[in-house]
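J.: One structure follows; several queries about it will come next.
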There are 2 protein chains.
Amino acid sequence: MAKLRLSHLRRFIPLLDWGRSYGWNAATNDLVAAVIVTIMLIPQSLAYALLAGLPPQMGIYASIAPIILYAIFGTSRALAVGPVAVVSLMTAAAVGKIAEPGSADYMMAALTLALLSGGLLLLLGLFRLGFLANFLSHPVIAGFISATGIIIAASQIKHILGIDASGHNLWELVLSIAGKLPETNPFTLVIGVAAVGFLFWARRGLKPLLMRIGLKPRPADLIAKAGPVAAVALSTLAVWGLSLAERGVQVVGSVPQGLPPLTMPSFSLSLWGDLAAAAILISVIGFVESVSVAQTLAARRRQRIDPDQELIGLGAANIGAAFSGGYPVTGGFARSVVNFDAGAETPAAGAYTAVGLAIAAMFLTPLIFFLPKAVLGATIVVAVLSLVDFTIIKKAWGYSKADFAAVTATVIITLGLGVELGVTAGVLISILVHLYRTSRPHMAVVGRVPGTEHFRNILRHKVITEPRVLTLRVDESLYFANARYLEDIVSDLVSRQPELEHFILMCPAVNAIDMSALESLEAVNHRLQDMGVSFHLSEIKGPVMDRLERTDFLTHLTGRVFLSQHLAAKALGSNGIADRNGSD
Amino acid sequence: MAKLRLSHLRRFIPLLDWGRSYGWNAATNDLVAAVIVTIMLIPQSLAYALLAGLPPQMGIYASIAPIILYAIFGTSRALAVGPVAVVSLMTAAAVGKIAEPGSADYMMAALTLALLSGGLLLLLGLFRLGFLANFLSHPVIAGFISATGIIIAASQIKHILGIDASGHNLWELVLSIAGKLPETNPFTLVIGVAAVGFLFWARRGLKPLLMRIGLKPRPADLIAKAGPVAAVALSTLAVWGLSLAERGVQVVGSVPQGLPPLTMPSFSLSLWGDLAAAAILISVIGFVESVSVAQTLAARRRQRIDPDQELIGLGAANIGAAFSGGYPVTGGFARSVVNFDAGAETPAAGAYTAVGLAIAAMFLTPLIFFLPKAVLGATIVVAVLSLVDFTIIKKAWGYSKADFAAVTATVIITLGLGVELGVTAGVLISILVHLYRTSRPHMAVVGRVPGTEHFRNILRHKVITEPRVLTLRVDESLYFANARYLEDIVSDLVSRQPELEHFILMCPAVNAIDMSALESLEAVNHRLQDMGVSFHLSEIKGPVMDRLERTDFLTHLTGRVFLSQHLAAKALGSNGIADRNGSD
C-alpha cells in the first residue's frame, strides 16, 4: 500500500524520481548553467514585465516561484519557465481591456489571469486532456507567433523613440506612433538605436569575435548570449553619468527591494468570467510552445517528457506566479536553450536560477534605477524579431493550399485585429480547413486491369467495366463531414447508368465509419433498393467490420460484403467473359 | 452564345428544363396532388404560425409565394415548401428575444429573419457552398429534432389547457404550466383532449376503417391524412353552435381576407446583427432537413437533386416569404410525402397548391373565426410527436460512444437550455468528437509473420521483430489533431529501445499528410537523428508521395522511402537470418 502510494506520488512529482540519483557532478553542471541563465534572465524579465504593462519587478518575481514549482512537477530536464514575449503581450491584451495599465486593478487582474491559466492547465493535466492542445495546427501557430512578434516589436518602438503610443494591432500601433513621431526624444532615440544595433551585432558578431580572441565555441556562445546584460550596464551608466534622465530619457526608476511578496489573486467570479477566454488562449498557446521546446531538448539526450505531466508542471508554476507577485508564465525557448547549452542536467538548475534571481531581487534593484526603458525595448525587439519567420507561408503555398489559407488568415487577422482574435480565428480556420479537406474525399470509379486481379481508376487506367456493375472506391474515412457527399456522388453515378444492377462500395482506405456515415450508407442502401439496384461492400477493414456487425445494417443490406474487390467482381459481373472477348 | 446563355439559365432555373415537356397527363396528376396538399396545409399553416407566435394568416402567406419560387428554382419534383414545426419554434426563439409576441416589431423581425436566411441560402448556393451543411452530424441532428419536438409539444399544452404559459426550454415550460394549472379552462381542455385523441386515432385507425368500408389503400391513406381538417371543421362548428367562446375558449378570431400583402422586411443593420446567428442556424437546419427529404423522394423515382441548386430554391422561397407577409420556410417532411404519394409529378403541383391556398386566404378565413386554438395546438402536438424518436441514442450507444456523447449532450442542452444553444452545442460537440476520435489514431508496432511477406501487429500475432529495427503502422491520415500524438508515441517507443538503429513508419492507410503532420515528421526525423536512429517510411500512397516530393522533407530524411514494408525489412533487418534460426 505504502509502495503503491509512492509510485503514485512519483507519477505526479518527477522530482522524487531524478532526485534520488542526484550527485555532485550533476549539481556542479546545474550550478554553472544556473549562473549563466540568471544573468540572461534579469534584463529579459524586466523587459517582458514592461511589455505586459506591469512594474519591472513582477517580471523577476514571475521567474522565481514558477521555476521552483516547475522543477518539482515538470518532466523536462532543461525547460526554463518564466515570462515570455508572446504570453506577456497576450496578458497585456487581456488585462488592458479590464483595467488601466499601472493601476492596482491591472496588477490584480494579471495575478488572477495567472491563477486561472494555472488552474486550467492543472485540471487539463489531472484529467489527462493534454491532447486538446493538439487541435492547433502547426502552421497556424507558426503564423500566429510570427505575427505576434511583429506586433510586439512595433509596440516597443515607442520606448525606443521615447514617445507615448499604444494599440492592440499593427494598424493602431503604426497610426499611434506616426501621430506622436514629432515628440521623439533625441537622447532616447540614440540610446535605443544604439542598443538595437549592439544587440543585433552581439547575436551575430560577438561570438566570432570572442573566438578570434581565443575563447572556445561554447563559452564564446554563452558570453555572447549575455550581450543584453552589457547593454543594460553600459546604458545605465551612461544615463546616470550624463544625467540623461533630466533630458527626458525614461528610466525604470525605483524598484522595490526584497523577495517576491505573498500576493492574493482575486476570487471574484465576474473578473474570472472576464478573463476566462484569455486564460484559455494563454494556457493553450503557452503549453503548445513549451511542450514543443521541451520535446526538442529531451530528444537531444534520448529523454522523454510526458505532456500531461507538463500540464501539471506549468499549472503549478502559474498558480505559484499568482501567489508570488508574478503573471502568466510558460517554458521559454531562448532561456531553455541557453540552460541546455550551458549544461543543465536536471530541473535543479532551475531551482538554482530561482535562488540567483531572488538574490537579484533582494540586492540588485537599486542598480537599475537609471536603466533606460529604451534598452529594455531594444532587448525585446531583438528577441522577438528572431521569432518572426514567414517562410511558413511560402512553404504552405507549395505544400497545401488549405494550410496556406489557414496560416495567411491567421497572420492577417492577428496583425490587423490583435492577438486574441488572431489565435481564435487560427484555431477555427484550421478546423474548418480540415473538415473541408475531408468533406470531399478522393473517390474513384474503378474497373479491372485486364488480365489481373487489380482494380484501378477508370479515368487513369485502361480497365474493364460493364454497364450492370459499378464500383466506387473511397479513399478516406467516412464521417459526418463527408457522409452526404458520398450520398450525392452515389445518386449522381447511379442516375446516369440506367442499366445498373449492382453497386459496389470499395473501402480499402476507410479507417472508420461514424454513425452519420452509417446512416448515409443505410440511406444509400434504401435508395438503391428503390431503384432496383443492390448495394455491395468490398475490402472493409477488420475494425470497421467489427463495428458494422454490431448494427443491423448488414441484415438490411440488399447486397453482400466481399473480402476483396476481385471476389466481388467475380461474383457479380460477367467480367471474365468480357475480358475474353477483348472488350474494354 | 444564345445557346450558352440558355443552358446557363437552365442550370439556375430547372423550370426551363421540365417545363418544356409538361403535358396534360402530368398536369392532371399535379392538380389532384395539389388539391389534397392544400386541404392538409390550411390547418397546418395556421398552427405553425401560432407556434411561431405570429398571426395565423402569416402561416398561409408563408406557403404561397415560397411554393411558387421553389417551383421555379428548386430541383426536387416533390418537395413542398412552407412553414414547418422546428423552424417555426426556432423563429419564435429568435424573434422573441427582440420583440413582444403580437407586436408590429415582432412581425417585422420575423420577415427580416426570412430575408436573412433566404439571402444566406442564396449566397451559399451561388458560391456552391452546400457542403458546409454537411458539417452537421446525423445523430446530432436527429437528437436535436427529437428534443425540439418535445419542446414544441410542451409549448402547445397551454393551448390545450386554455392557460397562458411560456418558456424557452422544457424546464421553464413545465414550471410555467404547473404554476398556471389551476386556471385551466374545462371547455378548452375537453376540446383539446378530444382533438388530440381524434388526431392520434385518425393517424392509425382511420385508414383501416376507410378500407373496411371499401376504399382502396391510397385514397384511404390520403383521406386519413385530412383528419386535421375534420377536427378543425367539427370543433369550429361546436364552438360556434355552443357559444363556447363566451365560456373562455380561445379562438383564432378575425383573420384578414385577401391575397398575401406586399411586405418590406427591415434593412436595419442592428436588427440584422441581432438576427444573424439565428438566421444561420435556421438556414442550416432547414436546408439539411429539406435536402434529406428531397433526396429520399427523388431516389424513389431514380431522379436526383442538386444540393447547391436546392440552396438557391430555398433561398428564393425565403426571400419571397420576407416580401409577402411570411416567415422562414423550408421543405417539410409530412407535406412533401403527401404531395409525392398523391401523385405530384412536377414542381407545378406546388404552384397549384399555392393557388389553392391563395383562394383560401381570399375567401375562407371568415370560416375559421371560431376555430379554437386548442385544436391547432392539438394538430401541432400530434404532428411533432412523430418527430420524436430517441432510438438514435440507443443506437449510438451500441455503435459508437463518441456519437452517443454528442447526441446525448445535444438532447440535454436542447431540452434544458433551448433550441439555439442546443444546436450550436451539437455542432461544436460533433466536431470536437471527430477531432478527438482522429487525434489518437490506431497505431501498431508490427513484425513479420514467419515465412511470409506480411507484417502484423505484434500484440495480436506471433511475429518476428528485432531490437535494431522498429516498425510502426499508422491507420489514419496524419493531420494537426494527431501529429503531436504521433511524435509522443515515437518518442516513447524509441526511448524504450536503446539498441534501436532504424525506425520505419508504415503508412498504408495514410490518405493525407497535412502541413502540421509534415512538420511533425520533420521533428521526428530530427529528433531520431539526435538519437542516432535513422527514420524510414514505407508503403506511402501515390498522392501523398506526390506532395512530399514537392517539399525538401525527403532530402533531409535520414533514412529511405520503401515501396513496401517487405522491401524495407529486407534492406534494414537481419530478419531473413532470424527467421531461419526460428527466432520469435
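Keep in mind that glycine also has a Cβ here, set from the backbone N, Cα and C atoms.
The domain 'STAS' annotation in TrEMBL covers A:459-572. Taken from TrEMBL, the feature transmembrane segment applies to A:21-42, A:48-72, A:79-100, A:106-127, A:139-157, A:184-202, A:222-242, A:275-299, A:311-329, A:349-369, A:374-393, A:405-433.
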J.: What residues in the same chain, six or more past the boundaries of the transmembrane segment (A:222-242), come closer than 8 Å to it by Cβ-Cβ distance?
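T.: Distant Cβ neighbours of the transmembrane segment (A:222-242) are 36, 39-40, 42-44, 191, 194-195, 198-199, 202-203, 206-207, 210, 215, 249, 251, 338, 341-342, 367-368, 370-372, 374-375, 378-379.
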J.: Excluding the flanking five residues on each side, which residues at least 6 beyond the ends of the transmembrane segment (A:405-433) place their CB within less than 8 Å of a CB in that stretch?
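T.: For the transmembrane segment (A:405-433), the nonlocal Cβ contacts are 86, 89-90, 93-94, 135-137, 139-144, 146-148, 150-151, 168-171, 277-278, 281, 285, 390, 392-393, 396.
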J.: Could you please provide the mean pLDDT value for the domain 'STAS' (A:459-572)?
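T.: Averaged over the domain 'STAS' (A:459-572), per-residue pLDDT gives 89.
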J.: Could you check whether the transmembrane segment (A:275-299) and the transmembrane segment (A:311-329) come into contact, where contact means at least 3 Cβ pairs under 8 Å with the two residues of each pair 6 or more apart in sequence?
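T.: With 3 or more qualifying Cβ pairs, these stretches touch.
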J.: Please work out the helix, strand and coil residue numbers for the domain 'STAS' (A:459-572) from the DSSP assignment.
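T.: With helix first, then strand, then coil, the domain 'STAS' (A:459-572) has 52 helix, 22 strand, 40 coil.
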J.: Among A:106-127, A:184-202, A:311-329, point out the range having the most Cβ pairs under 8 angstroms from the transmembrane segment (A:374-393).
T.: A:184-202
J.: State the non-local partners of the transmembrane segment (A:349-369) in its own chain: residues 6+ outside its ends, Cβ under 8 Å from one of its Cβ atoms.
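T.: Tertiary neighbours of the transmembrane segment (A:349-369) are 29-31, 33-35, 37-38, 41-42, 45-46, 56-57, 60-61, 63-65, 67-68, 70-71, 78-81, 232, 236, 251-260, 339.
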J.: Does the transmembrane segment (A:48-72) reach the transmembrane segment (A:184-202) with at least 3 CB pairs under 8 A, where each pair is 6 or more residues apart?
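T.: Between the transmembrane segment (A:184-202) and the transmembrane segment (A:48-72), which are separate recorded stretches, there is no contact, as judged by 3 or more close Cβ pairs.
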